[in-house]
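As written in TrEMBL, here are the features:
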TRANSMEM  B:12-32  transmembrane segment
TRANSMEM  B:38-55  transmembrane segment
TRANSMEM  B:62-80  transmembrane segment
TRANSMEM  B:86-107  transmembrane segment
TRANSMEM  B:114-132  transmembrane segment
TRANSMEM  B:167-185  transmembrane segment
TRANSMEM  B:216-238  transmembrane segment
TRANSMEM  B:250-282  transmembrane segment
Amino acid sequence: MTKLSKGGMDRRQFLSTTAAAALLASVSMPKIAFGAEKTVKIGFLAPLTGEVAAWGKPGLDGCHIWADWINADGGVKVGDEMLKVEFVPYDDEYDPSKARAGAVKLIKEEDVKFIMMLGGDPWPGASQVAEREEMLVSTLLPSDLTPDTEMLLAPCEVHPIYNVTGVEWLAENKPDLKTAVICAQDDALGKPSVATYLAAFEAAGIEVLDEPIFFDPATTDFAPIMSKMLALKPDIICLDTCYADYVHPLTEQAFQQGYKGQMISCTADFYQKMVEKTSKEFMEGFIFQFPDFDDPKLNEPHVNFKKPNDFYQEYLKRYGAGEWSAVSWEYASIMDLWADAATKAGTTEPTDVLAAMKEGGVGKHAFGEADWWGEKLFGINNALVGLWPVVAIQDGKAKIQDFKSIPDWWDQHSDLLIKHMKALGQMYYQRT
Amino acid sequence: MHKPETKTAGFGWLIGFALLAILLIVLPHLLSFSQQEILVMLVIDVLLVCSYRLLTLTGEWSLAHAVIMGVGAYASALAAKELAVPVPLAMLVGASVSAFLAFLLSFPLFRMKGFYFLIGSFAAGEVIRLMWKWSDLTFLFGGPKGIKRIPSMPDLFGIDFFEPVNYYYLCLIVVAVSLLILYRVERSRIGLTFHAIHWQDKLAESVGVNTFRYRMLAFVISAFFAGLAGALYAHYVGAVAPNRFDVEEMVYILIWAIVGGTATFYGPIIGVVTLTIINEVILRALGVDEMRPMLYGALLIVSILFLPDGLESLVPKTKAWLASRKERRENMRTEEVPAE
């Protein structure tokens, strides 16, 4: 046996000690940044694994493209400096206790200046930490907003309010459709969305047949749900804000059970797979709310998202066509808003950036100028609301049909939305 | 000859416990902020998995333990938030409600054994979990979003229990006392009866042991401490939701118990500590977030393949290896002496 030292260490001991030391170093040593470039760190606290990862991971991928482009241009201008942007991800696994640990790590150890979250279940875990540390946080789920959440913003996706635009467009363009049925998973995402669709259908003069069907999130057999819906012979089948794992089998069931009418859904993530499993003809006219970013309509002057078509091509090049989802661009668009506000504020300090972001009560939303809004629905004006696209599948490809104004709809029908939200216990003051 | 050896062994245990106590007291100060957060959850999980083991002593494996933890969490949260019960008392209320529920569930569940009990407990757990989500009870349980803004442990003598280190010490005391009780129960005649029911339930019945009552007792005690773990969780995180106590959480409890081993008191503790460090510290530090479930799964497979009796089986193996090594050295020395 070869002795590596006079102390008598053999090769096996040497290798195991070295491996242990390397592992220990990787666990305990802070990462050292070489070079003189100044960097601002942004936290990405969202599910990267598990059932809800589809609404976290693609967003992080989009952020990497955003950061590479911004950094290639020199970074974000803050005061007299150009700051490179570095994303620090933490997988919260959609669990509040892990979100709390993640928030602590990002704020106290990584010194991030802004945290982006998916929101929902994990938010209560992170909220107290964020409040104490006065950290600016964004969510994609404005149902997290309450009058107390002053540092929490919903600056991109005001789910589920934008769903009204799809129904409004449908009523204008297909006035012969008069009845609808709704199904949704019985959870925090499904319920407010059902309330919104109920309000939108009522505003559009479309009758909702029977009560909405709430199914358990653990459901795996969707045939009975679709049979029950089809038995009512509706003109429109509404899939609410179902997760991709439900939208796909429900759509397949509708196809297999011979449905030939209109379908509408909040999302149609990975819709190409649905087209493959059904047919182009069946999916023709399927309405949802999330465009592919190669759509030429995204080059209209009111759209603030920078180089959307290039962003889409780059995303497909890096991650593949099947990976694009509703959230692929959303976190990146929030970063546009944050970068503008940091430049305007001349600092990355969260409270100053928040003030700069909300200055004048308007902001540059990805799809156009928008208002900071939400007091009646969330108790606080921290949701950025403006135009939202209505998307339909045409010849197997998602295409924007129009941009509709959420504030315009709200001005006419706010009472309906509040009525249905109240009925389902979704108003901010009804939440426990 | 025996007395001095026993004394030496007792002294060794004392030194061991003293060192462990020092380590547990010093530990949070050696960790980063986020690792302190993980440590708090780890201590709560230790109580959870040890309470689960007590039930397994009777030979029954339940799939409702995560839900029973949730019952403690919900009950404690509601008592503190809606009835303004002081948090420490609310925690005891939460644990007691869990125990009472286990008592009620015993009547239908212990009509079944083995695989049927497993499935029955799963069904009972799901009924409770769906009740939390039920629309008509949203005013009470908060529906799918659960209960938020649960009162946290109030400051005591200026100690802020929102800080993870302070809450860790609180949990450490609660869990240490709970483990001591669980250990004493196992070592008592009651514990021996649990073992007897596990291995020879018909024989135990034939000598007058009421197996139903002992199974119920194990279930109730186990549920009390699971509920206490839930209450500790709820008042720290500040939120509870039905999904937090779903079958995935139950699978984690099973994995900790199986990988650690359930033959000894310390087996599940080794399991939960080792797997939590691997999953939450090492794999996260390696920056392989999306690969963690795969790597975690691979480690589990390797562990079950090569350590079918659990990580706890390493302890006697290590002892035997150290003893044989010592013996070899002594033999070598005795062989070398004549040569010199």
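From the backbone N, Cα and C atoms, a Cβ is placed for every residue, glycine too.
The stretch from B:62-80, B:167-185, B:216-238, B:250-282 that makes the most Cβ contacts under 8 Å with the transmembrane segment (B:114-132) is B:62-80.
Sequence-remote contacts of a segment are chain residues at least 6 beyond its ends whose Cβ falls under 8 Å from one of its Cβ atoms, and for the transmembrane segment (B:86-107) they are 64, 68-69, 71-77, 79-80, 121, 124, 128, 151-154, 212, 215-216, 219-228, 230-232, 234-235. Counted as Cβ pairs under 8 Å, contacts with the transmembrane segment (B:167-185) are highest for B:38-55 among B:38-55, B:62-80, B:250-282.
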